[in-house]
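Annotated features, as they stand in TrEMBL:
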- 12-434: domain 'Major facilitator superfamily (MFS) profile' (DOMAIN)
- 12-38: transmembrane segment (TRANSMEM)
- 53-74: transmembrane segment (TRANSMEM)
- 81-100: transmembrane segment (TRANSMEM)
- 106-127: transmembrane segment (TRANSMEM)
- 139-163: transmembrane segment (TRANSMEM)
- 169-189: transmembrane segment (TRANSMEM)
- 252-275: transmembrane segment (TRANSMEM)
- 287-308: transmembrane segment (TRANSMEM)
- 320-339: transmembrane segment (TRANSMEM)
- 345-363: transmembrane segment (TRANSMEM)
- 370-389: transmembrane segment (TRANSMEM)
- 409-432: transmembrane segment (TRANSMEM)
Amino acid sequence: RARRSGPPDGGWGWMIVAGCFLVTICTRAVTRCISIFFVEFQAYFGQDYARTAWIHSIVDCATMLCAPLGSLISNHVSCQVGIMLGGLLASTGLILSSFATSLEHLYLSLGVLTGLGFALCYSPAIAMVGKYFNKRKALAYGIAMSGSGIGTFILAPVVQLLIEQFSWRGALLILGGFVLNLCVCGALMRPISLKEDCKTAPEFLEQDYVPETEKQDLKRMSICSPLIKLWPHECLCYCSWKEYDFLLMPGFMVLAVSVLFMAYGCSPLFVYLVPYALSVGVSHHQAAFLMSILGVIDIIGNVTFGWLTDRRCLKKHRYFCYLFAVGMDGLCCLFLPVLQSFPLLVPFSFTFGYFDGAYVTLIPVMTADVVGTSLLSSALGVVYFLHAIPYLVSPPVAGWLVDTTGSYTASFLLCGFSMIFSSALLCFARVAKKIKRTHLRSLTGNKALKQHIWTNGAIAYSVTAELDQKDVEFLAVDTNR
């Protein structure tokens, strides 16, 4: 297959966007709608909030915990195979859940098996969008990720009706059939080969940013080429040689820590919004409608923030757009305990849904800006993996606080402060980086720098080619200190 010099920014790329859109409906929207089953599960099995909340937690945790596995299959086998396999596993998990006789049964079938299936689909589909788009990347991601909101808007009332008509068992069985559409989504993911993803040995060794230690290793490998048939007929992917070097990049480290706090804050709301609304006197249909509002406004946040941050005036400020959206969601959570009627909860769903869609759209865009497109699949696998522990822990912790205090106030306040801290951490990191860069420039007199590597102790690591020149200069100066 001929290699393209860059992403096509269109063509079959829009079919990739459509496929990713359907993947987000079948994974994230279905996961959100599991909260509608919360009251049914609690009443049927006679368990408390904390134990029942583990179902939603395990689904989210398994989806994010196994995200690197999805990236691995996508990178080394096929994105199409991974998504189709994930669709089969997720559907099987939902169908088996319809026959559950205990919460433990649901933990395994609905939690582990369905979550694993979603993991094999989610991050590879998102990474494929990044490979097909560059100039319109944020808009493409906005459209693709809006599937989560559209799916929630449509599925929330539909699931409520299915529960009323066929009980929770029948509703899960029907959802199992619906999720099989992931196999169709997988068939749309046509692979693409870009020159930046795959370099021959001479091309790789000529790069200035490749450390001498790695060049020597690659030269030694080339001696064995008749045996391994790697040089020069086969290309060497740098992402395979050092797939996870980005883990030691300072920018990625800060992003990773902030993701932990952000994920802790956002997860409980989708579990407890419906039970909280019911506890303050809102009817079942109105509570489900709140989830629908949140979902449809999520769509607007996805698309409008994606379009706006592709504009020239905001493209350089995506970082601050992301942390602003996360901070606003945190503030919404802080105010939620005083909203105790349906007319007050509607504006909350509007605001929280909009900014939730905004920052979800920018997660893959920011990740690509930090590590580069060639490492995006692996990096997204790690980013979503970091969601796993917060997603697992936060709903049961919030449920324990509800059981202990008899109120949702402590749970929502903890969520709000966690998301605000995530936003503040990114803000402080960027300010500190700019101050340090300004100081280093004043010391060097803005001289041109040729060294394009950064170090960690005695080991040299290469910086991806997509780092902007300012960051390369900053890292090179920092190395020479």
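Start at 1 and count along the chain as shown; that gives each residue its number.
Cβ from N, Cα, C; glycine included.
Below 8 A, the CB atoms of the transmembrane segment (53-74) and the transmembrane segment (370-389) form 3+ pairs separated by six or more positions in the chain.
Most Cβ pairs within less than 8 Å of the transmembrane segment (287-308), among stretches 106-127, 320-339, 345-363, belong to 345-363. This prediction places the mean pLDDT of the domain 'Major facilitator superfamily (MFS) profile' (12-434) at 80.
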